[in-house]
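Quick look at what TrEMBL annotates:
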type	residues	note
REGION	1-29	region 'Disordered'
COMPBIAS	11-29	compositional bias 'Polar residues'
TRANSMEM	38-57	transmembrane segment
TRANSMEM	98-118	transmembrane segment
TRANSMEM	138-167	transmembrane segment
TRANSMEM	173-191	transmembrane segment
TRANSMEM	280-299	transmembrane segment
TRANSMEM	320-339	transmembrane segment
TRANSMEM	359-379	transmembrane segment
TRANSMEM	422-448	transmembrane segment
TRANSMEM	454-476	transmembrane segment
TRANSMEM	488-509	transmembrane segment
TRANSMEM	529-552	transmembrane segment
Amino acid sequence: MTSDKKWVNEKLSSPTQAEMPSSSTKNLQPSRWHTKEFYFYYVCFTIVVPYMFYVTYRLSKADNIHYAEYEHLLSEGWIPNRKVDNSDNQYATFRDNVPSLLALALGYLCCSHLFRYYSGSHLPAKRKDQPLHRIHFFFLSSLVIVTILHGTSALKILFIVSVSYAIGQCTGGSIWNPALTWIFNLGILFMNEWNDGYKFASLLGPSLAWLDEYNGIQPRWHILFNFCMLRLVSFNMDYYWQIKKPRIHYEKDDRIGAPVSDKDRITVPSFASDYNYVNFMAYVLYIPLYLCGPIITYNDFISQIRYPSAKITKRFVITYALRLAAVLLVMELTLHYLYVVAISKTKAWEGDTPLELSMIGYFNLVIIWMKLLIPWRFFRLWGLADGIYTEENMIRCMSNNFSAQRFWKSWHRTFNRWMIRYIFVPLGGSQYFMYNMWVIFTFVALWHDIELKLLAWGWLICLFLMPELIASRLFSYKRFGSKPYYRFVCGLGAVANILMMMIANLVGFCVGVDGMVDMLNRIFGTFEVSLAGIVFLGTVTVCLFIAVQIMFEIRETEKRRGDPKYKM
């Protein structure tokens, strides 16, 4: 149990466990940026990367032979003489509603800061049991906005979350609390999907059919409920652990017992009186993080209301807003000049070369990364401006990952930390990692959506993780790190990782199993023409190997300057 706690502490400070050519800060390597080897890599980069964009842009021009097949999916853009590929329904929903979301966020923040000022909540805590005045604003504003968003379906949400709260309160510190909490919330995910959000007429009789007509701005409330489910589990589990080990058993670091680290905010329970219905509702429906996160635990949420995070400064928030604006601009340019989403939706790739097909797949993954990064950053910025600090969900660019383990621990980082706390450790931690990962990725797939392609994605991830796990044990840095060939062998393994991760993510979030099989068949061809595919694979391997060596050196640079990010 002690080793598991140590492992969790390491994960909370830096969620990573993969081997790489540098795993200890004691073994700093000299910089390779100005070596002949890396000058060769720079030349390759300046040729290959622009050519990748050119090939994809050529597929997106009006004179391309397939343009007519996907033109109907394009919309009028704001860049002269260019249309925009707004055919990804998930991102289109966010993109089309940015003005409304911005107005809502600004209006909410004005009211929140006014309440905070006049209630005295902006002042430092004077005593450990100081009332949380802001929680009442969060509670009331959440009820109002959720009702506007979902109309009468807000009643369904209130009923479901109240039942979950009742389960936790009635079972308290018994084993029935986690058991019933998980059974109920997993069951709700399936029931919501099965009943398409429920209808009042079906549940309570035709006389209440008129309630189904008031659906609000976002009628499909159950699509967004997945994030609520995570918060419901967090509240009940944190309450369960608080009963098992109350706050009084934790050491106090000063006269008011304020946390000294972000880890303390998560692991040290709140006061027993904090686990009440108003606080619960304010947390579960907290508007800045309600729609899609980032995810924050209940203990952390209450801790930040009582003891605001020192990380949130005006400069930090403004800088983060500029970063959001920058990635929004990059996304807009990508959607205006590279129509890969529309091409993949229509499978308009008959006769395309292996390189062209690969670029369609690669830039689809880039767009998937940005379409998740942008909403997460928007809502994180909203929370930061409201005084609630959450972790960044994506630590690195999608193209700067070589390890399957590191990739999934930094892709949706707050979700990963949630799973470590509420699933991985209760199931036995790293001692049973080989078994637990199948449970975890099955849950992740079903949590995203109950679809066969997502189950295939989750199981492919587990399958593709196993070679890395085995290789990292047999060919560890501790045993072979001093060998001159170690970095290059790791590079080849990383290339295999990247190819497998691309396949898994294209299956889960883009073209599905059939589309992926079709794409691979067209890249590598039949037996008679497979030589061209093999030559292409060799070329891709060389290019990815060069990219991986640069990724290694980026992390070495981070390690030399003491940045813990090098572990990710």
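Just so it is clear, glycine is given a Cβ too, placed from its N, Cα and C backbone atoms.
Where the annotation comes from TrEMBL, it is an automatic prediction and has not been curated.
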Most CB pairs under 8 Å with the transmembrane segment (529-552): which of 38-57, 98-118, 359-379, 454-476? 38-57
Look over the recorded stretches 38-57, 98-118, 280-299, 320-339, 422-448 and say which has the most C-beta pairs under 8 A to the transmembrane segment (173-191). 422-448
State the residues, same chain only, that lie 6 or more residues beyond the ends of the transmembrane segment (320-339) and have a CB under 8 A from a CB inside it; answer 'none' if no residue qualifies. 53, 56-57, 59-60, 70, 74, 77-79, 82-86, 363, 366-367, 370-371, 373-374, 377-378, 380-381, 384
Where among 98-118, 138-167, 280-299, 359-379, 422-448 do we find the most Cβ pairs under 8 Å to the transmembrane segment (38-57)? 359-379
Which listed range (280-299, 359-379, 454-476, 488-509) shows the maximal number of Cβ pairs under 8 Å with respect to the transmembrane segment (422-448)? 454-476
Hey, which of 98-118, 138-167, 359-379, 454-476 has the most Cβ-Cβ pairs under 8 Å against the transmembrane segment (488-509)? 454-476
Long-range Cβ neighbours of the transmembrane segment (98-118) (under 8 Å; 6 or more residues past either end): 133-134, 137, 141, 145, 287-288, 378, 382, 385-387
